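Notes follow once the structure below has been shown.
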Amino acid sequence: MREINSLVVVGSQWGDEGKGKMTDYFAQKADVVVRFAGGDNAGHVINFNGQKHKVTIIPSGIFNSEVTSVIGNGCAVNLINLVKELETIKNSGVKLGKLLISDRAQLILPYHILIDGAQEESRGARKIGTTKRGIGPTYQDKAARLGIRVADIEEEDFKETFKEIFEYQMMFLDRMFNVESIDFEETYANLINAYNVIKDCVTDTGIFVEQAIKNGKKVLFEGAQGALLDIDHGTYPYVTSSNTSANNASTGTGISHKLINNTLGVVKAYSTRVGAGAFPTELLNEVGDGIRERGHEYGSNTKRPRRVGWLDLVALKHAIRTSGIDYLFITLLDVLSGVEELLICDKYILNGEEINYIPATSSKHEKCKANYISMPGWKEDITKVKHFEELPLNAKNYLNKIAEICEVEISGFSVGPDRLQTVITKEIM
């Protein structure tokens, strides 16, 4: 076997960290780009040839015609939305790379979307903040062994099996939420039509990825959302329904963990969060409003304004531990230009005691107060910086403090949305 050259890129906060920008950057070097978790609830924007492209489930490598993009078995796939997304990208004039889809990936179906919306509405004041795209119910069905996988469509008795599950889901929606039924034949026809568009892409992607790595290919694993939204290690219950940490790259792809040799955690220079859940460093003032506007902190899918706060290193160190992060990449550093005083949370205060971890329960996390380190900001425009040495002293100190407290090397930072506004301080792929 040749030398392993693989890299996992994961978000190290609550999502929206700029993973798409980094996976797009590394996709220029990679031979294969793999999505290993999540569904089309995690939109990100890629700037390519002067155009902005919003992608949700398709790996970022699709914009490089020399790259093979893989949707792994850990993903939840809405085939109809996938086909629409591919058509939109094609119609913009982009020459697409090769796409492979795991035959073991779970399918998001129309009843999952209905259940997602009905469940969220029924929670009242205890809403989780789901995007209502059917992700949670899809993973619920997976665990309950009611899920339908891509490979199942080729089974001879698929229509009968699908109809049985469909009728069960309709009964559940009617009895629990009084939701009107949808038509089975139309749902089935739409699913088959979408499948026929992509069926040549369907394969055992685990075998493909394993062979690519063993043959010396550069393989990039693209995480979705963020480590703090992980179903096991995130800020439960305000999490997503899949494992978003880097440790799931092997399980969600179908390869050995021994074939992955580097993990990059992408983190904003500040913190953001969407929906409910504890946020000890949240800024509910003009400073936070300014960061939101300069950073364009609105959901790429939902357009919802994101909650904004100071950088939380307690949360970041939690992500580093649970994902085994080797390097950090800091995004949106330019957004902090002009902020006179910068605060970094290095520990929490819970019931008068200092702690350096995220409590397991949301009630205790809500009670945590942030303990801050104060650092002077910088006024200079850094959007044209090409090297670390060109940064203002205070910006250098800010990055160095993050690396010092987290005990993880920073491999680069971004000073704007364009691919060329990416500064690499250490090559890791």
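Here the Cβ of each residue, glycine as well, is placed from N, Cα and C on the backbone.
Record features (Swiss-Prot):
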type: ACT_SITE; residues: ASP16; note: active site, proton acceptor
type: ACT_SITE; residues: HIS44; note: active site, proton donor
type: BINDING; residues: 15-21, 43-45, ARG306, 332-334, 414-416; note: GTP binding site
type: BINDING; residues: ASP16, GLY43; note: Mg(2+) binding site
type: BINDING; residues: ASP16, GLU17, GLY18, LYS19, ASN41, ALA42, GLY43, HIS44, THR131, ARG145, GLN225, THR240, ARG304; note: IMP binding site
type: BINDING; residues: SER300, ASN301, THR302, LYS303, ARG304, PRO305, ARG306; note: substrate binding site
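Swiss-Prot feature annotations superimposed on the structure.
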{"residue": "LYS303", "record": "substrate binding site", "Cβ contacts under 8 Å, 6 or more apart": "none"}
{"residue": "ARG304", "record": "IMP binding site", "Cβ contacts under 8 Å, 6 or more apart": "VAL274, GLY275, TYR298"}
{"residue": "PRO305", "record": "substrate binding site", "Cβ contacts under 8 Å, 6 or more apart": "ARG292, GLU297, TYR298"}
{"residue": "ARG306", "record": "substrate binding site", "Cβ contacts under 8 Å, 6 or more apart": "ASP16, THR272, ARG273, VAL274, ARG292, GLU297, TYR298, GLY299"}
{"residue": "VAL415", "record": "GTP binding site", "Cβ contacts under 8 Å, 6 or more apart": "LEU333, ASP334, ILE382, THR383, LYS384, VAL385, GLN421, VAL423"}
Item to complete: Based on Cα distances to GLN225 (IMP binding site), point out the closest of the binding-site residues GLY15, GLY18, LYS21, THR302.
Response: GLY15
Worksheet item: Ranking the binding-site residues ASN41, THR131, GLN225, THR302 by other Cβ atoms within 10 Å, which is at the bottom?
Response: THR302
Discussion item. Using the alpha carbons only, what distance in Å do you get between ASN41 (IMP binding site) and THR302 (substrate binding site) once rounded?
Written reply: 9
Worksheet, complete the sentence: Rounded Cα distance in angstrom between THR302 (substrate binding site) and LYS21 (GTP binding site) is 19
Discussion item. Counting across all protein chains present, how many other Cβ atoms fall within 10 Å of the Cβ of ASP16 (active site, proton acceptor)?
Written reply: 25
Practice prompt. Tell me the Cβ neighbour count for GLY15 (GTP binding site), meaning other Cβ atoms within 10 Å of its Cβ, over all protein chains shown.
Written response: 25
Worksheet item: Any idea what the Cα distance is from LYS21 (GTP binding site) over to THR131 (IMP binding site), rounded to a whole Å?
Response: 22
Discussion item. Whole-number answer please: how many Å between the C-alpha atoms of GLY15 (GTP binding site) and THR131 (IMP binding site)?
Written reply: 13
Discussion item. For LEU333 (GTP binding site), which of the three DSSP-derived states applies: helix, strand, or coil?
Written reply: helix
Worksheet entry | Helix, strand or coil at LYS303 (substrate binding site) [DSSP, three-state] | coil
